[in-house]
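What follows is a short report on a single structure.
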Amino acid sequence: MAEPSHRKRIWGWMMYDWATQPFHTLVLTFIFGPYFAEQLIAYLTAGGMDTAHAKAEAQSIWGYGLTVAGLMIAFSAPVLGAIADESKRRMPWIWLFSALYVIGSAGLWVASPESFPTVLVLVFFALGLIGVEFTTIFTNALLPALGSREEIGKISGNGWAWGYVGGIIALVIMLLLFAENAAGVTLLGSAPLFGLDPATREGTRFVGPFVALWFVISMVPFFLWVREPKSTVTAQPGAIGRSIDELMKTLRSLPKRRSLFAFLGSSMFYRDALNGVFTFGGIYALGALEWSVVQIGVFGILAALTGAIFTYFGGIADHKFGPKPVIIFSIAVLVTVCLFILSITRESVLFRTVEAGSKLPDIAFYICGAVLGAVAGVIQSASRTMMVRQADPERMTEAFGLYALSGKATTFLAPALIAVVSDITNSQRLGITPLIALFILGLVLLAWVHPEGTKVTDDA
C-alpha cells in the first residue's frame, strides 16, 4: 500500500478532533450532563429533599464522578506516555483506548429515568472519559511529526476548529432528531427518530450510542492515513522498567526546568477552571435559569459555532505571535465572562432586577456562551502548541502524559470547590466563584513560562 500523502496525514490526524469533540460537547457539557442532573434532582426531590438542596447535591455528585475518573487518569497517564515513548509505539494504545471510549459512551443508554442507576451511569461515563483522555495523549504526541515548529500551531488550531465543526453538526443532529423536551418532541416539533420513546427519554439517552457510532465512523481516515513517526532509535527489551525510571527522572528534573514546570502548573489551574465552566455550565443553566435540555443544547450550538470560527483565527494568531500571548489574552477574557455570569439570574442581569418573564437573562447567558466557546478552543489549541515547545522531542508522549497529569492532578479542585461553596451559600450562582481564582492563579504562573521552551530558559 502506498504511503499516504502529507496532506492526508494531517487531515487524518485532524479527524481525531472531529471524532471526539461530540463527547465533550454532547455528553460532558450540553446534553447528557444536564440530563443526569435533571434526573438526579427529580429522584432527590421525590425522596423529600428541597429543590435548592437537590440542585446542589446533583451538582456535587456529578463533580465526584469527574473527580474519580480524573484521579485514575492523573495516576496512569504519565506512565502510559513513558511506556509508549520507550517502545516507540503509539497506535496500539490508540486502538485500545478507542475501544474503551466506545464501550463507555454506548453504555450511557442505561440512564433510564424509571430506575435511574446513578452508580452504573457514572461508571460508563468514567470509562468513556478515561478512553477519550488517554487516546488524546497519544494522538497529541503524533502532532510534532506533522509539520515544522512554526507550522504545528496552525495545524493544532485547524484541528480544534475542525473538531468544533464536528461538535456543532453532532449537536444539531441530536437536537433536531433525537433529544426531546418536556413535551416529548425535538427542536423540530416531532417525536424522536427511529420510534424512540420520549416517555422514557430514549431520545436524549441515545446521545451515548450516537457519539460512539460517530467516533467509529469518523476514525476511519485517522487509522488509514496516520502513521507512527519514524524513529532512528530501536526499542530495546525492558522498555517498561526503563520507562518508569525515565518518568521518575523527568519528574525529579521538573523544578530545574523552570519554564516547563511553570507551564504545567499554570495550565493545571486554568484548564481545570475551563473544564469547570463547561462541565457545570449546562447544570447551572438548568438550575439558575430553569432551562430545558433542548435550550441548553441550543446554547451549546452557539458556543461550538463561535469556537469553530475563532479557533481557526486563534491558530493564525498562534502562528504570528506565538502561543503565550494567545493564552494570556484568553484567560483575561474568561475571567471577565465569569464575572458577568455572576450577575445573571432568572430575575436579574448585571445585578439589576428585570421584569418578570423577561428574556434578557437568557439573551445575556447566550452571549456569554458565545464568548466562552470562542475563547475555549483558542486557549486549548494554543496550550497544545505551547506544550510542544516546552517538551523534549524525544520524549513527546511522556510530555503529553505529564500534560494530562497536570490537567487532571487538580481535576477534583474545581468540582469540589463549586460543591462546597454551593453548599455553604446555598447558591448555584456563587458556587462558580472559585473558577475565577483558578483562572487568575494560572495567569500569574505564566510569568515564569518562556515562549520558546525550557531549554532556552535553562541555558540562559
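Cβ atoms here come from the backbone N, Cα and C positions, even for glycine.
Some features that TrEMBL has for this protein:
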- 21-41: transmembrane segment (TRANSMEM)
- 61-81: transmembrane segment (TRANSMEM)
- 93-112: transmembrane segment (TRANSMEM)
- 118-147: transmembrane segment (TRANSMEM)
- 159-179: transmembrane segment (TRANSMEM)
- 206-226: transmembrane segment (TRANSMEM)
- 260-286: transmembrane segment (TRANSMEM)
- 292-314: transmembrane segment (TRANSMEM)
- 326-343: transmembrane segment (TRANSMEM)
- 363-379: transmembrane segment (TRANSMEM)
- 400-420: transmembrane segment (TRANSMEM)
- 432-449: transmembrane segment (TRANSMEM)
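In this chain, the transmembrane segment (363-379) does not touch the transmembrane segment (21-41); fewer than three CB pairs sit within less than 8 A of each other, excluding pairs fewer than 6 residues apart.
Panel annotation: around the transmembrane segment (159-179), residues 13-22, 24-26, 30-31, 186-188, 192-193, 196, 203-204, 206-207, 210-211, 214, 218, 293-294, 297-298, 300-301, 304-305, 307-309, 311-312, 314-315, 373, 377, 380-381, 384 of the same chain, lying at least six beyond its termini, place a Cβ under 8 Å from a Cβ of the stretch. When Cβ-Cβ distances under 8 Å to the transmembrane segment (363-379) are tallied for each of 118-147, 260-286, 432-449, the top count falls to 260-286. Against the transmembrane segment (292-314), the recorded stretches 118-147, 206-226, 260-286, 432-449 differ in Cβ pairs under 8 Å, and the greatest number is found for 260-286.
Outside the transmembrane segment (432-449), and at least 6 residues removed from its termini, the chain residues within Cβ reach (under 8 Å) are 258-259, 261-263, 265-274, 276-277, 280, 284, 324, 327-328, 331-332, 334-335, 338-339, 341-342, 386, 390, 413-414, 417-418, 421.
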